[in-house]
């Protein structure tokens, strides 16, 4: 359960830790980045935690370098966890063949189809194994105050993990999420690969647009999508489907979908609105 | 003189333009990034300009992605220019052999030694050709309000270009600058390669520690160096030599050398203090 710290990097008054650990759910060593804000170094203090789930092809490094969550997190006293996006090096045939399936594309689900069951269990890794390991190793992290956000595939991950686990996360937000994966090429390819053809079962269980229909209680979500995002234009994100489903279920009143003029799918987009998403999480984490 | 715009990317309310142009001083096509803050889009407005000179191995992309200058520049209404660090592809024998000489390592000088005279004229490119091209192509840039900053080799560039050209720049700051190149391995290798053995002439003309001795008038400089910076520890930066020379010349009163605890040489360091350096430039650009 313990972590190996491969680097400690000063950033915005706090520390970015580059960590690795042996994970049983994913059946391999996993790398991640953990940002500890300056407030975490006060003896006896506990800081809340924001998980940031990355998109296709990314590791935990991309957003730690380009996302600028540390800027606001350091001011508000929130730790940021940047996990990897899949198991690595499982030697499953074809795992490195495509950018949108296998390595770098775990989709935050537990695969039910061979051979991916061998370790493509990012759902269990993110919701159970990783937080348990972090909270047992880092006393300065408050296991009672956890929020989640993410980008693209990671926005899908943030929305679905939040909606499937009422109470586990204090808040959720998303950047350009794959909001209706059962109806877009990325999601269909991934779900077919990880779940097989069970479209009425597992597919729907991991589709935010399906899940929001069943949500009970208040639902305050911040979602940013760029109007210049080519993946949005190609119908990979479908935030309108998510909003429509939420509205039909009477859950849309506090879902703030902001269509940001001209922004694309890149970290230039994420970094621009990172402060807003940290502020959204802080409303709940620091309440 | 005109630029080819290969991409326009929304960032912090403004636009990051990826540009290329044919440069005669460097004898090749040069790439750069230009950040136009939102204030630049108001009809008839002119915004001041901050040049950011990058360090060894970098292009204009690294800091545009990881430096966080757009954050503060967008609020203050300052354009940022991120030039490349050398000519590219001149087919000079050995130009790609080392990370600290040739490609990616132009050192912001005009070479006087063959074969580097063929295009290693980054001094002329940065102080004359590039600004002239920018101001003739972008009406929204104010040629009367220009400041300069940079990192490592680019910090050397910022200090020397400022000190050699009184009045050309409104202000200067630097991140981990190579502050006394004639006394460190990086500088000695570069100056020997670009200038030959003329240590009393060209070498000293491009050494900030030598130049600061001759400065007349006020000198308000912000310099950040991380105490965890391995290149500082190895004696590549030597900011103390610069401070000592400035003090002996009576020029040190407003030079603010901040030794930042634990920070390294990376963009995590730069991004942490980018806001401060934009604020330093803004004192003069917006005065």
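Start at 1 and count along the chain as shown; that gives each residue its number.
Positions of Cβ are set from backbone N, Cα and C atoms, glycine also.
TrEMBL lists B:152, B:229, B:265 with the feature active site, charge relay system.
Annotated features taken from TrEMBL, shown on the structure.
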| residue | record | Cβ within 10 Å |
| --- | --- | --- |
| B:152 | active site, charge relay system | 25 |
| B:229 | active site, charge relay system | 23 |
| B:265 | active site, charge relay system | 22 |
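A Cα-Cα distance of 5 Å separates residue B:265 (active site, charge relay system) from residue B:229 (active site, charge relay system). Distance from the CA of residue B:229 (active site, charge relay system) to the CA of residue B:152 (active site, charge relay system) is 11 Å. In the three-state DSSP assignment, the secondary structure recorded for residue B:229 (active site, charge relay system) is coil.
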